[in-house]
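Pulled from TrEMBL:
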type	residues	note
TRANSMEM	20-38	transmembrane segment
TRANSMEM	86-105	transmembrane segment
TRANSMEM	126-155	transmembrane segment
TRANSMEM	175-198	transmembrane segment
TRANSMEM	219-240	transmembrane segment
TRANSMEM	272-293	transmembrane segment
Amino acid sequence: MKTSKLQQASLFDRIKQQKLLLLMLLPGLVLTFIFRYIPMYGVLIAFKDYNPLKGVLGSEWIGFEEFTKFLSSPNFATLLANTLKLSVYGLLLGFLPPIILAIMLNQLLSDKAKKRIQLVLYAPNFISVVVIVGMIFLFFSVGGPVNSILGIFGIEANFLTDPDFFRPLYILSGIWQGMGWASTLYTATLVNVDPALIEAAKLDGANIFQRIWHIDLPALKPVMVIQFILAAGGIMNVGYEKAFLMQTSLNLTSSEIISTYVYKIGLVSGDYSYSTAVGLFNAFINIILLIAVNKIVKRINDGQGL
């Protein structure tokens, strides 16, 4: 009893000491509860033959019928493959560039030059997806500058209509847009490395590559592990906006992914139960991947993970 009272007292003391931080946290918690947790009530639609006139509770239960319908759909294999290819290729190609960029900025540039270059590199992150896709269409259209340059060498490519070019354009433009912003976490980590370690390494005759390997990379390792787990756990979360905007009738075999499919059958066709079931399936796979990747990383990384 005394122990529980002491623990309760210490909890109240900590709350009093950190009340300003808790007040700052409160708006975020309220918004998260309103926009993230309350809408989860709508997940019930996936298990019902939803009728807007009857509402969620009044609609008839159909169990896993919509899930079975999706898994047996002829589109299932294509949608899953397209989604995984975009995510996996994006993760593999986009994971290292921010790390390399952060190390280069930390090792090669002065503080003034670093800040100026960082401002330039961060800028694409604030460009709207619509503008990014507009730039892609402008540069890679048949009469665009890229095709004009290729035409000099007698090469002609239909970048916007050929399904084989959809993924490279989508992934590389995403890396270009997000690389600078993604490097901020790694840059901040490297700034906190003890300068005495670097000076000692220089005195011992370590060159720049040895300092990167023995000082920078070990400092970045915990951040890299967490970032990789989170990225792998969200591997099915390919946003529909960019893929939908880049879609044409000729590249659908590569550009139709689960999120664009959900948008079309849910909001365009009005099949709310089916689209909710597909979205819930997507979320379920993400949870499984997050848990699995976290366990694997912990096994090979001495218990370090989420």
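The backbone N, Cα and C atoms fix where each Cβ goes, and this holds for glycine too.
Caution: TrEMBL annotation is automatic and unverified by curators.
Taking every listed stretch (86-105, 126-155, 175-198) in turn, the largest tally of C-beta pairs under 8 A with the transmembrane segment (219-240) is reached by 86-105.
Remote same-chain partners of the transmembrane segment (126-155), defined as residues 6 or more beyond its termini with a Cβ less than 8 Å from a stretch Cβ, comprise 165, 169, 173, 177, 239, 241-242, 245-246.
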